[in-house]
Structure formats: structure tokens, C-alpha cells
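Participant: In case it's useful when we look at the structure, here is the feature table from TrEMBL:
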- 82-100: transmembrane segment (TRANSMEM)
- 112-132: transmembrane segment (TRANSMEM)
- 153-173: transmembrane segment (TRANSMEM)
- 185-202: transmembrane segment (TRANSMEM)
- 234-258: transmembrane segment (TRANSMEM)
- 270-288: transmembrane segment (TRANSMEM)
- 300-323: transmembrane segment (TRANSMEM)
- 335-357: transmembrane segment (TRANSMEM)
- 369-397: transmembrane segment (TRANSMEM)
- 409-430: transmembrane segment (TRANSMEM)
Amino acid sequence: MVVSSEEGTDKIRKVVGFGYWVQGFRCFPWMAVNFFLKDGLRVDSSTLQLLQNSANLPMVAKPLYGVVSDAVYIRGQHRMPYIAFGAFLQAVSWLAIAMLSESGISIGTMTLYLLLSNLGASIAEVANDAIVAEAGKQSKSSKNSQPSSSGELQSFFWMASAMGGVLGFLLAGLSIDRFSPQKMFLFYGLLLTVQFFLSIFVQESSLDLPKRTANVGIQEKFTELLVALREPEIAYSITWFAASYAIIPALTGTMFFYQTQYLNIDSSVLGISKVFGQVAMLLWSVIYNRHLKSVTPRKLISAIQVTMAVFMVSDVLFVNRIYRNYMGVPDNFYVVMFSGLSEVLFFIKILPFSILIAKLCPRGCEGSLMAFVMSAIAVAFIVSGYFGVVLASYVGVTGNDFSGFPRALLIQALLTLLPLYWSSCIPDDVKSKTSRKKK
């Protein structure tokens, strides 16, 4: 059966788009996890942040998943079976947590199942990212395709993920006080079960992905990945991007405790704040696709980095109660309008960077290289999280004492600006460099 490029792209949008939407919806059970750890297991802010970041350890092995996905075919397919397997692991973990009684859940048990869930999510994300990279290159090689098709696909799936996040946070904010965490875990587990069954019935040939030209093993794929990573543009870009995250001490756990424990912000307000942030991500993908694709990656990513620091300084004013006491801005208003945006800024620069890497990526190792990029980002986030725990401890922040929190936020803002000094590591004119390679 011959599948046209247009039919294949449309099928990819539906199948992979649903996968991105489901992964965006992961915020629904994870918000329940945060409240359950704080209120149910009575963990402090540092322990909460340690658990959040430690649960991301399976994402560090994404290059391995990418290499295996590139090299090992299952019944003639090397993307859809891995998406199905990832959905299966996630469904098993969330359904298992849902079946446990509250008294029978310990921190160790919870961490184990969260690790299993993130292992499945990592495998599915690697396969999804590889399909997008392959489809983009396939579109470029088509005579009737537009040069921007790769970026349009990236933006579309970014929008799908953001839409999942919008709905996930909205429902989570409304459900926290109405349903037990176990019921929320059960709902997401059932959603993943639906994704699993949909994935196993989709034939990869219907996606019109590039055909396999040779029988390439895992060792050869590792070699191809190493060759790609020796390209200065790729190596320097990934190093800078990962370092720009790792150098920033994440204070999300501390801010969560400050808002819920100290200010007694209602869970519905936090949910609306997260929704506002996800809507901003959705708008960002539209704005980028329509107006910012012509802006060089270095300028765009550097501008986002500066904006992140500005929002951190704004958080200092918020924690010092300057907005409330001197400007009359209610805490709830600030949390809804700015806190969600502040968190989202950490992620929006991933879109232009992933498009940059997709353009630089050699044909044949899309899955491996994109997985390596996501792994590097995951490692950076984990380092950032641990760094944040150390910083919070250094300034004396505890579950009941937040007097040192403004100082921690100022240090965070200063460190956020530091990577701008070596932003030249990011290529400034990707098109000309790519065209020279073709010549």
C-alpha cells in the first residue's frame, strides 16, 4: 500500500499529536503527587524537590533508548512499538499507585512507581521525537514541501503538548479538593491504557517515514551518534543549552511550599496559575511559528534567558510582599498571572532549540541525537534541582522559615544571566551553514 506524503503527515499529526497531548496531560497526576507528598506523607520542601528530580533519572538514559529505537526493529517497525511499550509502562505504574491504599504507600514505594512511569514516558518521548525529526527531513526531501515544514511540525506537537497541559492543570486544580489522589492516578492510568491500544494498532508504514536503507546495528548507531556529536555546531550548542539549565538552582519545591504552606494559596488558584502558563506555551508556539522563525536561535534563546532572570527578580518583590503592601496586588493575582509564566519560561526555549538541532542533525540518527539532547536537558534539570536544594539549605529556608528565600531568588537570577557570556556557542546563521554543507 503506497501512502502519499500528505496522508503520512496527516496520520503523524493524529497519532503522534495524541501522544504529545497525553504526555502534556502528565501534569494532572503529578500535581496530585505534589499535594499527596506534602499533605499525605508530610515531606518537607527539600525532600519534595529531591523526589521530583530523582524521579527523572530514567530520562538520563534517553540516548540508549534512541539508539535502540534507531537500530532494533520489531516486526519491521522501530517507532510505534516503542511508543506502545512506553505507554504500557506508564499505565502499569499509575494504575499500581492507584490500587494502593493511602496507609500502604511509603516514600520508597511511591518513588519506585514514579521511576517506572518516567521510564515509560522517556521511551515514548524518544520515539515521538524521532518520528517528528524523520518526518521533517522527509518533508524537506519532497519536491512539493515547504522549507518550514519541519518547524511547523515541531510547533504543532508543541501545541498538542501545551493543550494537554492546559486541560491537565485545569482539571487538577479542580480535582485536588474533590477527589482522592488515587482516583486521579487511576484516571490517568486508564488514559494511558487507551494510548497503548491505539499505538499497537497503528502500522508504521502508514506514516510514510524514510525507508530503512541498510541493516544497521546498535554499535553502528552509537558510532553515528558520536560522529554527530563531534560536529562543533552540535556539540557546542548542546553543551551551552544544558549548562544554561544546570547552572540555575531550581526553587520550585520551595516556591510550592511558600505558596501553599505560608500564603495558604488554594489548590484551585495554583491550578489556574498552571493553566495560564500552559496557555502562554500554546500562544508561544503559534507566535514562534508565525513571526519568530526568522529570528536567529542565539538572539531568541538569549532573550528568553534574560526574561527568565527578570521574572526571578519579580519573585523577589513578591516574596518580600512589596507587590501586596506597596502596590496593592493580591497574592492570588500574582500567583495566577506570573507564577505560571515564570515556570513555563524554563521550557519555552526548548522549542527553538529542538528545531535548531533537527536542522543540524545528520540523516539516520534522528532518534539518537534528539534523545541525547533530551537526556542532556534531563541531566541539567536534575542538577538544577539538587543545586536548588543546596541553595535553599544554605540560605536557611525550611518548611516554616522563608526569611532567606528572597536571597536565594536573587542568587538564582544572577546565575541565570551568567550563560549569556558564552552564548556564541549557539550558531547564529543555521541556514547558511546548512547550505554550505549541501554544497
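Start at 1 and count along the chain as shown; that gives each residue its number.
Quick reminder: no glycine exception, Cβ is built from N, Cα and C everywhere.
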Participant: Look over the recorded stretches 153-173, 185-202, 234-258, 335-357, 369-397 and say which has the most C-beta pairs under 8 A to the transmembrane segment (270-288).
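Facilitator: Between the candidates 153-173, 185-202, 234-258, 335-357, 369-397, the best contact partner of the transmembrane segment (270-288) is 153-173.
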Participant: Taking the transmembrane segment (234-258) as reference, which of 153-173, 185-202, 335-357, 369-397 has the most Cβ pairs under 8 angstroms?
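Facilitator: If we count Cβ pairs closer than 8 Å to the transmembrane segment (234-258), 369-397 scores highest.
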Participant: Which residues of the chain, 6 or more past the ends of the transmembrane segment (153-173), have a CB below 8 A from one of its CBs?
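Facilitator: Sequence-distant neighbours of the transmembrane segment (153-173): 9, 12-13, 16-18, 20-28, 31-32, 128, 132, 135-136, 139, 184, 267-272, 274-275, 277-279, 281-282, 284-286, 288-289, 351, 354-355, 358.
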